[in-house]
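A quick write-up on the structure given underneath.
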Amino acid sequence: MTVITRFAPSPTGYFHAGSYRTALFSWIFARQNKGKFILRIEDTDKERSKREYEENIIDSLKWLGLEYDEFFRQSDRIEVYKKYIQRLIVDGYAYVSDETSKNEEVKKRFAVEGKKIETNQLRASVIRFKNPNKKISFNDTIRGMVEFDTTELGDFIIAKSENEPVFHLVVVIDDHEMGITHIIRGEDHISNTSRQILIFEAIGAKIPQYVHIPLLLSSDHSKLSKRHGAISVSEYRNKGYLPEAMVNYLALLGWHPSDDKEILTIEEIMDEFSLERVQKSGAIFDEEKLKWFNRQYVLKLSDTDFAEHARPFLPEWVVPNSDTFNKLIPVLRDKITKFSEITAMLGTSGELAFVRRLPEYEKQSLLWKKNPDPRNAQTHLIETGNLFKLISVDSFMANVIKQTIWPYVEANGKGDVLWPLRMALTGQEQSPDPFISAALLGKEESLKRLYEALSRLRN
Ligand code: GLU
């Protein structure tokens, strides 16, 4: 048997991590079994479905690296569903139901409750499923035996007309037609399963294995939702998270490898993953933890890959591939959690703004607070300047600079020497250490700024 799984989103909004975690599990399971993974866009709700959301789903899957083998859009398949509806009616599993008396009841109820009813919501007739009113049970991979009594569902609607099938019907027809062997989906669909099994039986189809994945919860244990600050996966991409970090984190929400290792490549995840070991309880989506994962992946990037990811976030004055940018790479890497932080750091009031130009600063700020004598600041700036001159332009790197001036620093006091130096180089209190700052500026510019500070101190 070839395993075939699917991700079947309704494109009625942007999806947060929970949906993509389900998609990831579904994708991993298909790949582990050398099977197929299908993307099926469930857009039969014409009013709420939008192409923009569909495109966002496609982009997000691509970004995460969850490539699919086949693509379907339900609105393209109305003819297929129509045949099934006709057959269900002919075979006596469904019937056209006259709704006029029901509509009157609804109208009366709404009138009593003082609510307004849209007349286009009322249909003269719909197609209903003839409910055999029985007990349904199925063995869910994660939840075990689940039982439902279908009686309370009544004769539920499966289509508003032959051309307007509703959700439960099309899900079943497609799962059958596409040969889905494992329905891996969110637990919020578990109560839909009884209706869907009735329809599977009516069309004479084999019932797939159900795998209902527990929901993601926010840190206060409420259901993860937009209202609780859950953002769409594409927003994480826009903020400069790495897809590998996202996939790694998503895989560990409700599942973990036997040895509790956290940083795992997709190959390692694929080797170990099993649906049976997905936990029954909801998993907590913790943005801080995601940041931690991202940081680990940022640290692992090669300089070239780092530069590639950073590029979209660079302000105009930083030219990709330039000498300045190459020097900035290790400094940025050391500081960021996600790439969007680069924009602020290199922006006008960012901690690396001084690389572009020396900010305005007060002469007073050159003085070390524990020894605010301007003559001290002057002496130390002159001496460090002299030491800078000993270093060649090509060797003007943070470690060399540090080695060269360190004995002088130790002999004269860290604050006394390094504070005026930091301020002279950067003009800002929030900045990298003076060795890194000097290296970023280069020998010539560093010396220029030291002299500039000296002339301020003299005036
Ligand atoms: N279209 C449904 C949704 O977006 C999923 C249906 C299913 O997976 O069976 O939630």
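Cβ atoms here come from the backbone N, Cα and C positions, even for glycine.
Please treat TrEMBL annotations as automatic predictions, because they have not gone through curation.
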Per TrEMBL record, range annotated motif ''KMSKS' region' [choices 33-37, 113-117, 223-227, 368-372]: 223-227
Matching range for TrEMBL feature annotation, motif ''HIGH' region', among 9-19, 141-151, 229-239, 273-283: 9-19
Residues of the domain 'Aminoacyl-tRNA synthetase class I anticodon-binding' (306-454) by DSSP state, where helix covers H, G and I: 99 helix, 0 strand, 50 coil
CB within-chain contacts under 8 A for Lys226 (ATP binding site), separation at least 6: Gly13, His16
Contacting positions for the motif ''KMSKS' region' (223-227) when only residues 6+ beyond its ends and CB under 8 Å are counted: 13, 16-18, 215-217, 282, 285
Whole-number mean of pLDDT values that fall within the domain 'Aminoacyl-tRNA synthetase class I anticodon-binding' (306-454): 96
